[in-house]
Amino acid sequence: MTKEFHHVTVLLHETIDMLDVKPEGIYVDATLGGAGHSEYLLSKLSEKGHLYAFDQDQNAIDNAQKRLAPYIEKGMVTFIKDNFRHLQARLREAGVQEIDGICYDLGVSSPQLDQRERGFSYKKDAPLDMRMNQDASLTAYEVVNHYDYHDLVRIFFKYGEDKFSKQIARKIEQAREVKPIETTTELAEIIKLVKPAKELKKKGHPAKQIFQAIRIEVNDELGAADESIQQAMDMLALDGRISVITFHSLEDRLTKQLFKEASTVEVPKGLPFIPDDLKPKMELVSRKPILPSAEELEANNRSHSAKLRVVRKIHK
């Protein structure tokens, strides 16, 4: 039985419109989720166009099959249940050598946060899980109860950027010596015990950064995004585009760096021309990230941290 995906798509029109969709093109939605981006992209394709939609969450695919039924009947959609880090291999298996555009909506989706049993949210009591792919072996429970102190500190600093990482890791160590930490609420309460009163008064939940860090570790989110975006740049046809929505500084920093490296070139001074093999492959479509409009911010609180970056392929 599938769980309904109630998901408000962020930066919907901006993300797809910036792809400059060709009606007969081949496109990829690397993060199907609630299928909002997929549905809007498909509305711009003719029946000769095609969309490949990736998601490692079976619930997302099951629900998208209902939402996108009219396009499925026309043979315009292929679903791929896999991590988008396998983008190139899975598209090659499907006989695709080049794509005209691809969009990414990074991070956890609203339905995953809202489904209590998935264990993503510090606001809802549930077993520690946080797997985007329910078939994966590593869970938040494993990280919290079996990672040693130094590994916990590493991921809390690296992926959560929490200045109380050492104290939180130590408190977790002490708590699990008494009994395993089994639920999201238990973990959130342990984190609260460490944070000083002035931190608890700040806007936002005190456990937010640590939960983010554990989720990124469980799903290797940054590693997967790095690999996938680089593969996407290789597979783009000339004039093809990549749209990437990020929701926190780590994702945005990674995307910005990948796009910068692909769109700039350093050549020795005095060269009369830039050799073809040194020319940048990509061009920034927008130098600054595109942000949600005031109307979207008012309608959807979860869009407040979203940033959209776009590049275009200019050289093979």
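Cβ from N, Cα, C; glycine included.
Here's what Swiss-Prot has on this protein:
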| type | residues | note |
| --- | --- | --- |
| BINDING | A35, G36, H37, D55, F84, D105, Q112 | S-adenosyl-L-methionine binding site |
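Cβ neighbour count for D105 (S-adenosyl-L-methionine binding site): 26 (other Cβ atoms within 10 Å of its Cβ, all protein chains included). According to DSSP, H37 (S-adenosyl-L-methionine binding site) sits within a helical segment. Using a 10 Å Cβ-Cβ cutoff, Q112 (S-adenosyl-L-methionine binding site) registers 23 neighbours. Summarising the environment of H37 (S-adenosyl-L-methionine binding site), the number of other Cβ atoms within 10 Å of its Cβ, over all protein chains shown, is 29. Its own atom aside, the Cβ of D55 (S-adenosyl-L-methionine binding site) has 26 Cβ atoms within 10 angstroms in the protein chains shown.
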